[in-house]
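Colleague: Supplied in structure tokens, the structure appears directly below.
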Amino acid sequence: MIKNYFKIALRNLKKNKLYTTINIFGLSIGLAACLLILLYVSSELTYDSFHEKSTNIVRATMEYKASNEVNYAAVTGTKVGPEFSRRIPSVEDYVRTYISSGNIIYKDKSFAENRILFADPSFFNIFSFQLVQGNAANVLDASNKIVLTESMAKKYFGMVNPVNQVINAFGRDFIVSGVCKDVPKNSQIKFDFVTQFLNLNNNVKREQWWSANWITYLLLNDTAEIAKVEQQVNEYMSTDLVRKEARLNEGEYLKYNLEPLLDVHLKSELAGFEPNGSLTYIYVFVIITVLILMIAIANYTNLATAQSTTRSAEIGVRKVMGASKKQVFFQFISEATTITIISTIIALGISVLFIPYFNNITGQSFTRMELLQPIPVFLLLLFSTIVSVLAGLYPALILSNSKVISILKEGFRSTGGNNLLRKSLIVGQFAISVFLIIFTLIIIQQMNYVQSKDLGYDKDHVVVLPIRGNMLNNFSSIKEAFEQVEGVKSVTASYETPEFVNWSDGIHAADENGEHDISVNAMPIDLDFIKTMGMELVAGRDFITTDFALMDTINTDNKEYRQPYLINETLAKRIGWSPDEAIGRTISNRADGPILGVVKDFHFSSLHDPIGPLLFFLNRNFSRNYIVRISGADVKNTLTSLESTWMSRISDKPFDYHFLDQDYDALYESEKRSSLLFSVAAGLSVLLACLGLFGLVAFSIVQRTKEIGIRKVLGANLGNIMLLVSKNFLILVVIAVAIASPFAYWASKNWLQDFTYRIEPQLQIFVIAGLVTVIVTMITISYHSLKAANANPVNALRSE
Amino acid sequence: MNTKLLSLNEATRTVNSGSNKVTLLDDINLQVNEGEFISLMGPSGSGKSTLLNCIGMLDSFTGGGYTFLGEPVHSMKEKNRSKLYKEYIGFVFQAYHLIDELTVWENIETPLLYKSIKSSERKALVADMLDRFNIVGKKDLFPQQLSGGQQQLVGIARALIGKPKLILADEPTGNLNSKQSTEIMELFSQLNKDGVTIIQATHSEQNAAYGSRIINLLDGKIVEE
């Protein structure tokens with residue numbers, strides 16, 4: 001019987017090629033999307049869960065209040081781990097971690113490695129990174145031991161057993177004490193080498209609360225006690241002894257929050273070794289997939305019920321010959337199943353093919369092998385089963401419930417309800433498409449705005465060259481050398497680059513209105529910064545060479561030391577001064593000093609945030625980057641000359657430069673991904689919805705062949721027939737536009753809310769989206785309607 | 001040979017068409033014995049097809065009594081009713097109603113599938129039937145590849161495969177030319193001799209004459225027997 005069902009199903013599919021193609025195409029895409037999303041979601045949801053003790057591990061993060069501001073950080077001082085495990089009985093063990101880079105050398109092989117993990121000896125006991133060789137208890141018990149991953153073992157040692165071999169890391173010899181499996185992708189700690197935490201430098205050997213650079217994990221002996229331990233920790237932190245140790249003033253505090261390891265990736269606000277994932281992103285992904293799958297399922301339902309007209313005789317006959325309702329029902333379900341099975345196979349192929357694009361959108365790095373594992377394939381099959389039932393259910397119900405006698409007598413007539421369902425499905429499909437189109441257009445428009453917004457400085461044609469090692473010792477001579485390069489307009493240096501200033505600080509000012517303590521972002525800069533960045537001064541002047549003389553460290557115990565400052569407009573306003581009033585006034589940050597100039601406000605953070613108060617202070621010693629403005633006339637040549645200048649002076653460090661506008665673009669990485677995701681989703685949904693419509697129009701015209709023939713004989717022209725066929729469908733699409741627009745408006749308003757500087761969703765976007773949809777619909781419909789309108793009516797009428 | 005197959009007692013069939021009540025069959029009294037070959041005659045709209053459908057239990061009378069093999073059909077539940085007709089009644093249609101996607105063999109086999117008969121037995125039964133109707137050579141063809149007469153032959157073979165007691169044929173030759181018609185009517189005649197009860201609806205005097213009994217219908221009433 002079942003064999004028979006599938007045989008019939010296959011023959012029917014072969015007969016209706018258009019119908020089959022549309023359905024298989026739609027469902028394959030829907031299922032492929034499902035599979036990929038599944039992979040992504042499951043990797044995100046199982047983050048770090050491979051550790052046997054995962055539920056007992058917490059990450060200690062720091063929260064402190066200083067100069068009236070509460071700060072949070074994922075890193076802690078060196079004291080947190082050892083002190084808590086001594087003081088609090090529930091804390092069984094701790095591990096402090098840090099990832100660094102350095103050169104690793106074995107015999108003739110030498111590579112720069114950037115995933116070298118420094119961790120306390122308990123590392124392999126607390127975390128379940130599997131050791132292939134070596135014993136978790138003692139692989140890190142001496143300072144000259146190092147563990148490497150299997151791929152590193154292969155890279156450096158090939159076939160040789162690495163254990164007990166000696167490698168040189170950052171200038172010291174280490175004995176390889178163990179080899180562990182490569183770190184899973186869904187691990188927040190990713191490393192290639194592990195050695196003792198105390199090998200980092202001499203500073204970390206001293207236990208201290210501050211100098212927080214290290215990520216500390218604690219192993220608790222009871223999962224349920226996290227809140228209790230946190231309370232004990234913070235009671236301890238507020239004792240006088242600790243407060244004194246941490247040099248906390250009145251009103252300040254230092255405390256620690258314990259984040260369960262499994263919550264770090266998706267729920268924590270604080271990034272650790274890597275940026276965290278986002279639950280919102282997962283939700284958006286899942287919703288989009290479901291929407292696309294729904295469009296495909298709606299196509300199936302619509303086409304199958306539309307097709308029922310041509311299947312009516314068959315169903316009637318089957319029933320007369322003894323088929324029960326159940327048997328007819330299952331026949332139609334097996335048809336849906338057949339289509340789904342074929343689609344599933346194609347979906348698997350599509351996802352294998354498109355995995356690189358998917359990685360691009362999600363920023364993940366899935367491999368094809370991961371896709372073809374039993375679990376994703378099994379889940380895909382599960383999904384297909386659900387889809388085949390969902391898609392087949394309604395047509396199967398409708399067809400199996402129809403009355404035999406009425407079918408045989410007058411053919412199957414789709415009832416009013418059926419028609420209503422079909423219309424609602426079309427409206428639903430197009431509403432989803434229109435929604436996605438509008439939303440995508442608005443994201444793209446905002447991104448354009450972000451790109452073209454006047455930031456208050458010129459981000460184009462600026463090369464950033466990182467300052468490394470002892471380059472600061474020759475700061476001036478290197479700077480002068482760069483200035484000589486042809487095509488270079490000016491050179492300056494700073495701690496951070498202006499697109500994103502992170503350094504937070506505070507200033508003190510006093511005037512006739514009283515004292516002002518204001519939190520600011522601060523930026524140590526060199527001479528020529530304002531000029532090089534193309535910023536504008538609204539009052540006063542930029543730093544000049546003679547200003548260095550103010551910073552007098554030679555005379556009398558720094559008593560004469562004066563720090564020259566520039567401030568931005570917002571800071572002047574915050575203090576209560578006009579730009580001109582501010583010039584020459586004294587404020588204090590590292591030291592007292594005069595304000596020499598007021599800079600016109602510029603964006604030193606992403607457009608998500610408003611422009612805050614900013615302080616520049618003249619100091620070369622903090623410089624981490626040379627900032628070089630080039631003319632842009634012959635970028636390639638200028639870069640080559642810069643490189644040869646670099647190599648002639650700093651031959652031991654590679655010349656790796658980046659452009660400021662690229663750094664700026666990187667601020668909007670996640671928005672760019674969103675816009676890519678939505679563009680793809682919108683494109684797919686429109687394509688699928690139109691394909692479905694294409695199929696439906698074909699069927700509707702078959703049904704109306706005779707009517708069209710008669711109308712033509714009676715004198716209807718091409719236009720009349722086109723209108724006749726298109727009208728009903730077009731009305732549905734217009735309704736869809738009307739339904740989708742308010743939702744899209746609301747959603748995009750919400751999305752834009754995240755930006756302080758943003759566009760307003762404009763009416764034109766909605767009009768464009770609506771028009772595009774209507775035009776695409778018209779094109780879709782016109783193929784069949786033109787064909788029908790041009791057909792010879794005699795043929796249509798003769799068939800009776 | 002004179003066992004009673006079915007009897008209709010003041011059977012009526014009415015439908016509501018808008019606000020009007022239309023009587024399709026009016027006060028029909030009819031007894032059919034096993035082995036009879038009945039021809040229903042009458043102009044279009046006289047109720048021939050409706051009567052056939054009601055007897056075949058595809059449709060039901062709205063009044064009166066209907067007894068089939070001693071069972072009161074009028075008071076049966078839908079489910080039992082369809083069980084009854086599936087077991088005892090075969091249908092032949094004017095438009096053949098073969099399933100286009102199935103071959104001749106598969107079309108004939110279909111009723112057996114729904115009766116859950118084993119594969120080996122199905123094969124034997126279908127092979128017998130093909131043999132009996134001389135269409136073995138056509139078994140792998142699809143309906144569109146056959147002439148009208150051949151299609152109706154398959155239709156009849158399919159109606160017979162379940163070994164029904166009664167064959168209901170609604171204008172079985174309506175779409176056929178006269179030569180094909182004669183062949184089909186000869187076949188019915190032969191089947192009747194083999195013991196199958198047949199009720200056919202027809203327009204043609206010539207075809208009606210094959211029957212052992214002719215019933216004339218007009219406006220839903222039996223006017224002459």
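Just so it is clear, glycine is given a Cβ too, placed from its N, Cα and C backbone atoms.
Automatic prediction, not curation, is the source of TrEMBL annotations.
I grabbed these lines from TrEMBL:
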DOMAIN    A:20-235  domain 'MacB-like periplasmic core'
DOMAIN    A:287-402  domain 'ABC3 transporter permease C-terminal'
DOMAIN    A:680-793  domain 'ABC3 transporter permease C-terminal'
TRANSMEM  A:21-41  transmembrane segment
TRANSMEM  A:281-301  transmembrane segment
TRANSMEM  A:328-355  transmembrane segment
TRANSMEM  A:375-399  transmembrane segment
TRANSMEM  A:420-444  transmembrane segment
TRANSMEM  A:676-702  transmembrane segment
TRANSMEM  A:723-745  transmembrane segment
TRANSMEM  A:765-783  transmembrane segment
Colleague: Count up the helix, strand and coil residues in the domain 'ABC3 transporter permease C-terminal' (A:680-793) according to DSSP, in that order.
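Modeller: Its residues fall into 97 helix, 0 strand, 17 coil.
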Colleague: Mind pulling out the one from A:281-301, A:328-355, A:420-444 with the most Cβ pairs under 8 angstroms to the transmembrane segment (A:676-702)?
Modeller: A:420-444
Colleague: Looking at A:281-301, A:328-355, A:723-745, A:765-783, which one has the highest count of Cβ pairs under 8 angstroms to the transmembrane segment (A:420-444)?
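Modeller: Maximum Cβ contact count belongs to A:723-745.
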Colleague: Hey, which bits of the same chain come close to the transmembrane segment (A:723-745), Cβ under 8 Å, at least six residues off its ends?
Modeller: 423, 426-435, 438-439, 442, 693, 696-697, 700-701, 704, 708, 711, 716, 761, 766, 769-770, 773-774, 777-778, 781-782, 784-785, 788-789
Colleague: Can you count helix, strand and coil residues in the domain 'ABC3 transporter permease C-terminal' (A:287-402) using DSSP?
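Modeller: DSSP composition of the domain 'ABC3 transporter permease C-terminal' (A:287-402): 104 helix, 0 strand, 12 coil.
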